[in-house]
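J.: Once you've had a glance at the structure underneath, I'll fire off some questions.
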Amino acid sequence: MRTCSCIYESEINKENKFYTLSQNTAMADDGSGAGSQVALVTGGYDHTIKLWQAHSGVCLRTMQHPDSQVNGLEISPTGQMVAACGYQHIRLYDLASANPDPVVNFEGITKNVSRVGFQKDDLWMYTGGEDWTARIWDPRALPQFSCTKIFQVQAPVNAVMLHPDQTQIMVGDQSGIIHMWDLRTDQNEQLIPEAEASIQDIAIDPEGKMMAAVNNKGNCYVWSLGGSAPHPVPLKHIVAHSKYALRCKFSLDSTMLVTTSGDCSAKVWRTSDWSLLRELRNETQRWVWDAAFSIDSRYLFTGSSDSYARLWDVEKGTLEREYCGHQKAITALAFRDQTV
Amino acid sequence: MAGEDFSKIFQNKSIEEKNRIRDGRLNQPGPSKGKDAMGDISEEDVEKEIVTRFDPYPDMDDSEDDDPLCDSYVRNDPGFGGRYDRNRTNTGQWLDKKEQALKKAAKIKIIKWEDSSPLTADQLAEAFSKCEVKKPEKTKSLLTQQLQNCPNLPHRQYLEYAKFDGTAQLGLPIKSFKIFMTMLPEKHQNYPLVVCVIASAKIKDLIGFTCYKYSIEHPDISLGSVHDYGLCIAEDDGEVDWAFPCLDANEPCSKFGFTCLGLIELKNKTTLCPAPMPIPEDGMSGAFHVFPKAENSSHSNQNPSRLNTGDSSTSEAVISALKALNEGEPDLNKIQSHIMATEAPQYKAYKVQLLRKVRTNTSVQLGISLDRIEVEPLVTNKHAFWSRSKYFLHSIDSVAWCQILETRGNRTTFRIVYSPSHNATYNDRISTGQNTYIFHPNTAYKIQDFETDHEVAKEIVEKVNTILDLRNSPCRREYKTAKDKKLQTRRSFHTKHLS
């Protein structure tokens, strides 16, 4: 399996040798960007993707995302690439180079792609979109062996989330159904937490023990996974927001769940008792579209409609940094931290 | 793309049509010309002549045609005569663009969606094997470490301007400027800052973005508020053109054609360009009959060009003349005081150093006459206008005091105390700056300290004091009274305590 991912990487590297070289000289010293270590990437309605130096708030690079807003961003497991999905487009950008254009374009989609993610060894990529499908893409595109897969549902797909065991994808759609798609058997199981409420996002904690989903009514549902029961067991229902919820994410230590919403706030919940730990609000921030925790679960990034991304100290509830540069709303962000 | 398809359709149609016409012509037996004449016309010529209704107009060569072959034809064809140049540039540009787009596209790997054939059990197991989910270890975050190492971010105050960055904007018109940071000390002036903003940004946004960019590149240099700065037209070498006002902060920068601009401090702008100002003529001629006005004095030494007289050449000449007259018993002190009294009202300029608390001392010309004291910055380096101090003009009636402070070596510092509130006519010219308020809470006195040679300092202080005593203005009287009172209270305080 490792060899497969190596082939993919080396192929990419071969193709972009020029960029990789130029990057090494350009970004060797700032400790951010690429081979780097800490990378914050944001994208939104202004058709650009920006790479930030997270600790200083300085924008290092702007990448072009023509013809579409950015619905979702995900940094590849190696940290070399960032995947962006939007209307009719899924693109891979090389974080390690100074190339403002994508290096890989995935074609054949006619509608909005809402989410993108990677298998943990970079073997394949998964997406979900408004064409009522979830898909597995094989970026290697080898003629002899391709592991592409498609999963059809009965409504536009808003959320896809890969289980940490890498064999199951949770597909949340606008009709309010969560399909648990087993990649090995193509069987699926359905969960309907609330009738006539569109599923907006799904999160599974890094230990694979909890699954959370938020819907357009602002409700958050939590299930426990992988217990003695073979199916998810409802754990908690939180009335998280008064309006549209947009994202939910667990912290790496599984002690916190963040939900973001159209009510202009991001809320951090304790997973121990599901009490509210922090409500992160800013007068100007408007809709909060996306969020990401730092690796030590101490900091949280949010991206919002006022075109700012923000960094919050979760413990103190203080605003630590602001990232300004986008012309329009930030609708997606991805963060990759590094251990020391 | 629809456009592409149509052009191809038309191309094919025109080829078909041409073939049809050519076949018709070739097969048509010429009524008079016969075979010989026909032999002269090669097939190519026929083709050239035949223009079908599907052929593009020659003018449309630089249209949105997507076939690069078409244009290479246009580019190499010298037969376009007068229109050749225009066509070449337009088409050339278009070709370059096209070439770049193609190059760009060639670098992007395209992966098309393909439904795969069912995978074998082995392949399935390989691609979708189950991973063991481990509890992530508690780790230290590099981000946290970096945040701790970089607590101060000077550019944060200008953050809101970051969004005007013009680099890597998609589809937005942009504009680049060379900005000279003329308000900074000379050592930070080596290179202009090249900034690129979106064209719709206003001048104030450009100022803000310039501050933002500069503070990122030079976090050690602190800049002031965006509202304190203005942008002026500058030469290529950074010399600001002071004759023009600052660009209107509310206008979009796309409106201006200049690419070299100087960032200046707004308060410098007003003091550095003194407009010709009226000097009050009345009020003194009546009061001081004894001393004719410097301007009218027959032996006036007024120097309209204000030459720097570092030494007191005039008085020396007079002294030597008097010496010659009274060779027997030269009472120099007496003579000098006499000279001082007679010469005091005359305009005289001295080159001295203006002492400043914050920045370096600057050379100024101190011009003293019966009715005013001027502090005019001397330009040693024509680029160094940031180190120029402001231009001051004190009415002599606003000057309250002048004294020597201390002597170090052959350098002596002296102080002029003045009150802006007594300076009604000049008030708006005088800015606060580094001056400190002393004494009376109602009447604010400000000080200016200067340094020069001991002899010159002595001469200046004596000259000023002579004039002050002559005029005995309300300002001076108030100051003296306040000073005496203060001395007395101090004394009485002491005596009370002692007794």
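Yeah, the Cβs are placed from backbone N, Cα and C, and that goes for glycine too.
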J.: Which stretch, out of B:1-47, B:48-94, is listed as region 'Disordered' by TrEMBL?
T.: B:1-47
J.: So which range, B:290-310, B:479-499, gets flagged region 'Disordered' in TrEMBL?
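T.: My reading of TrEMBL: the region 'Disordered' range is B:479-499.
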J.: Could you tell me how many residues in the domain 'CRIM' (B:140-269) are helical, how many are strand and how many are coil under DSSP?
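T.: Across the domain 'CRIM' (B:140-269), DSSP assigns the residues as follows: 47 helix, 30 strand, 53 coil.
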J.: Determine the mean pLDDT over the domain 'CRIM' (B:140-269), rounding to the nearest whole number.
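T.: Result for the domain 'CRIM' (B:140-269): average pLDDT 82.
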